[in-house]
């Protein structure tokens, strides 16, 4: 064999192997200039859920939305046929997002915040028109755009996407969004109230009661929370009694199945509850019919 020549790797190969800038990787859409200013706070005071008014400020209400990527957007062609919760920046851990964005220039953060505000306003208008699918898509894209350092902005976006999902009966997804909103802003009463309502609708009464209590601790004037705190304890007690009866009924059926080969039934065993301790005792009765 001849002598080996010095091999040079083509520069084109290096070009093809360049690592994408983390800042570019997280941008799912091309930059869009922010030509619109944010709506005034007074224009957003109307919440379609008729939630009690709270401290609005940066946390002003968004309007309910629903999830879809059917609406075509520049650069979104790869997302259209995927579930919106699959690998979206809006679903990533906030601390992880913040780590990715730590070297992002302030000007870029400002631009992205303005763009997310534009998408938010777009979602608001879509929601008010009843276009919940399109509105949720706008909120999701706003979350993908909004830098994680603006936690209150992202909290509002999560809360309003939850409202949109409520409109489409996507209750579990809406609960998840509310929880993210509360994590980012623990004093965000609107998000807590929305999650409490969702817990009620999914028969998670204990969790709902805890949220309503949390609301009253932060703002005793919220009538809906006060009314729920008076109503839910009785509902929880009735539910627990119903579950206990169902459990005892199933145990009785199982007991009869096991005892039948021995000529016995659960009627041979009397269960008595101690009123002072609430505990139960079981007594064997040879001829239960004679004791009636």
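Keep in mind that glycine also has a Cβ here, set from the backbone N, Cα and C atoms.
Going by Swiss-Prot, these are the annotated features:
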type	residues	note
COMPBIAS	36-49	compositional bias 'Basic and acidic residues'
COMPBIAS	75-85	compositional bias 'Basic and acidic residues'
COMPBIAS	86-98	compositional bias 'Acidic residues'
COMPBIAS	99-125	compositional bias 'Basic and acidic residues'
MOD_RES	90	phosphoserine
REGION	20-125	region 'Disordered'
REPEAT	116-149	repeat 'TPR 1'
REPEAT	189-222	repeat 'TPR 3'
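Each residue of the compositional bias 'Basic and acidic residues' (99-125) gets a DSSP state, and the totals for helix, strand and coil are 22 helix, 0 strand, 5 coil. Mapped onto DSSP classes, the repeat 'TPR 3' (189-222) shows 27 helix, 0 strand, 7 coil.
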